[in-house]
Amino acid sequence: MADRSARRARPGDDSVGQFVIGAEIGKGSFAQVYMGKHKVSGAAVAIKSVELARLNKKLKENLYGEINILKTLRHPHIVALHDCVESATHINLMMEYCELGDLSLFIKKREKLSTNPATHDMARKYPNVPNSGLNEVVIRHFLKQLSSALKFLRESNLVHRDVKPQNLLLLPSPEFREVNKLARPILTASQDSLVPVAGLASLPMLKLADFGFARVLPSTSLAETLCGSPLYMAPEILRYERYDAKADLWSVGTVLFEMIVGRPPFRASNHVELLRKIEAAEDVIKFPRETTISSEMKGLTRALLKRNPVERISFENFFAHPVIISSIPGLVEDDIPKPEASEQRSSSKDTRAASKSDDPIASPRKYSFRRHPTDNDQIRDQFRRVEPPSSAAESAPSRQTSAFSGIAAEARKQAAAEASARTGQSSRNEPGDNLVPRRPQAQPSTSAPSKPGLYEERRRGISNASLNRSNRESSSPTSAALANDSARAPPQQTSRRVQAEEREKAAQDVAFERDYVVVEKKHVEVNAFADEMAANPRLGGQGTPLSPKSGQIVRRATQQGNPTSTTGAIPAAPSRTMQIAQGTQRHYHERGTSLSASPGSTASFITKAIQDASLRLLGIKYPAGLTKGASPPELYNPYPAYPTPSPPVGLISSGKQSTPVDEDARVAQLIEEHATRSDVVYGFAEVKYKQLVPLAPSAEHGLGGTTLEDMPTGEEDVLTVEAIVSLSEEALVLYVKALTLLAKSMDIASLWWARKNRGDQANNALSSTRDSVNTQTLSLRINSAVQWVRSRFNEVLEKAEVVRLRLMDAQKRLPDDHPSHPSNHPQGSESVNGASAEGVFLTVGVTAEKLMYDRALEMSRTAAINEITNEDLAGCEISYVTAIRMLEAVLDNDEDAPKRRLSANMDDSGGDGEDGHAEINADDQQAVQKMIHMIRSRLTSVRSKVRMISNASKAQQQSQPQSLIRRRSGDVTPRSVPSYSS
């Protein structure tokens, strides 16, 4: 415990701020949760301690932004954040304490609820159904409270994105707390934080927790993250698509199904299998025979568990569903509300009334078979008496009138007035300035536009879309007339109209990207495809080792030290340390269960992902070309760009494999060649990166180095601000270039995978046993290459993000009159070379192609000098090969452009012409090709010299042992002794 916080460094000093830390009550992948209490009032809190080592600078900034929002969010069914205290090693979040644990534990231990004093009466009144889930009364109670929290988030333009039973925390019922006044007090964020606005006062109170953190906290690898909560993720998230707020509704459906049945609706060992099961079910949700549940509940569950977001029930219809707004059937007499309670609630001055008029909070009196009318305000006053004085001192009248106006409006509506119930939802576009922002101003991380002006235009478009959507939902005369027409229309016509409206809404959401969030770090197309290949049993899985002779790509050590050093950094975990989302949402009808690209696509989803990464980092969108036509020249022998200790010298293999004889071999060679070129560019970028992050690498950090926060304060004494800007710009463009080459490797692999899945049966019927073995070997080889590309892609993307943040920070520290200072690039202006993104501007002339050309020229000249003097011929060969690969990376696919144009399957779209920043003109192409030809000549010459020297050395070694044998024979054999015999 002593190392948990700087405030607890001394023995016995177990406190953070105004709170004393107790025993550990929970643990997650990135944080530990402790029991705590306030030093003055003794009220209980939950202290979540987040490790700072897992957060880089950007993530910390985003986390603090989320924390500031959470500190102002006040809703009875959302776990409140009291305070945040940062120590030297941790960020400690003081949250509301929920002593009954989470809903998953509640469901798991449902047979033992009668043994807990806080749930004993509930289990007696509403027993669970044998071999099933919870009682329907309890389910409806929890669902009402969850919908109340989601409605509040919806009105505040917030999306939870991680609704699951583990994030639904429970408190003892208000009646239990009223009777047991000696129980431990709980620190509340407001006077009515423990007063439910929906459900029954005799049942446990539900609170939604941990929303928003999933976006800003770093996740673990993709597989580990999906093992945490994939069973509740929407199919669009599992397909690695952009998703809107309707993803929460799918999660609500899975939680509802689990409460009914006692288990999730879909279970699988991995997310790929889970997605296939969801697709195979075809929206048919079956309930076990033992389940005793009403048809209304089944219908709502099926409406929520629609795999197509367009067909899924809308938020408006969900909030207006009879299960949500109607009274709960099957209540015992104690919990049946009085009819007049509805009228009292409508006229109540408290705007935090129950979410629906006919679902009041029951009196705190327990088990009286005759209920006396009790005023709603008196009930709330009785509940407030059990709150600690520290929370009672807080006043929130202004917050109640602003933040909960939508909920109060909804509380005054009846089920029959569904159309008028939407009048209070227009406030969603006008949240309080101190509560939540209208929309987060940060750009989507993987789809940042190349120009700030364009982003501002899109932001205005988003705002207009929100207004249009709210206008449709408001009680304008037009909408009222449409509602009346819908009420009078036949059911089939109404259904068609509703479906058409839903599709129109979805189209507008896509057009304006309203309410869309981008999956970061854990949902990546690159990792999805690699996971699918790794999980395929025909490829042997990730655990199948391959020898270097089979063509497996061996990851070389990351060069972090001096270029002449042989000390490499510890490579990043090959799982999924960094991920990027697909840039364009695809309709689910357009894709099968496979995550590979469609056969006819010239720019697969991986290319779109890398284009979004380029936009995010630089504002550069590279052409989406895919290598086709003849194979590149055979001379490529992959070598690391700089000396490393890992044998063999080659990145992939010796390069002595024969010319490809079939499609699989050609694909394997193309993938490896593109990966090898990317490795050369990556090595060049590492030279820049190691100057920005010069400390020794450590296994504690995923980047093979240290984080920005852990750098020594004296580093700026070594590098000037101008030098940091220059190095950051150069490293950034080189990393993006490496990403494009890696993406092209994935493009080739995805098309091959699609063709292979389509033609397996025919090929298996015609192929011989020998061909099958050869195909299996090549498939394993391609799978190994894909896994290496995925690992390198994640590593490069993360390092590029670090460099981008370093560049932005350095540019802010430049003199105000410096051309690269942000003040000299006001919003709406463009970078001269077009390479700009939000907050990132590159100096004119800084391009990856120019840097690579100059580097290749320098390396070849140095190698030529050494070749003339016969010094380090092996190093000369490495330099020549590296220079050739670097120049080929400059040309990218331009060396076989004429062949591609002759291909009928290749379509040179006009969009590439617009992105001409990544293209080079014809004169430059000829100059680069001429340089490649010259270096190849020198490479042939130096290899001839190496062979001659090797042959001479072998001949000398062969002759040397014979002379040694003759010399040793005379030394060892005894000389003849003259005979004296007669």
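In case you wondered, yes, glycine gets a Cβ from its N, Cα and C as well.
Annotation source Swiss-Prot lists domain 'Protein kinase' at 19-324.
Taken from Swiss-Prot, the feature ATP binding site applies to Ile25, Gly26, Lys27, Gly28, Ser29, Phe30, Ala31, Gln32, Val33, Lys48. The Cβ of Ala31 (ATP binding site) has Lys48, Ser49, Val50, Glu51 as same-chain neighbours under 8 Å, each 6 or more residues away in sequence.
Among the features that Swiss-Prot reports, active site, proton acceptor is placed at Asp162. Within 10 Å of the C-beta of Asp162 (active site, proton acceptor) we count 22 further C-beta atoms, all protein chains included.
According to Swiss-Prot, the compositional bias 'Polar residues' annotation covers 463-481.
With a 10 A radius on its CB, Lys27 (ATP binding site) counts 11 other CB atoms from all the protein chains.
Mean pLDDT of the predicted structure over the domain 'Protein kinase' (19-324): 85. Between Lys27 (ATP binding site) and Asp162 (active site, proton acceptor), the C-alpha separation comes to 17 Å.
In this view, Val33 (ATP binding site) is surrounded by 17 other Cβ atoms within 10 Å of its Cβ, with every protein chain counted. Within 10 Å of the Cβ of Ile25 (ATP binding site) there are 15 other Cβ atoms, across all protein chains.
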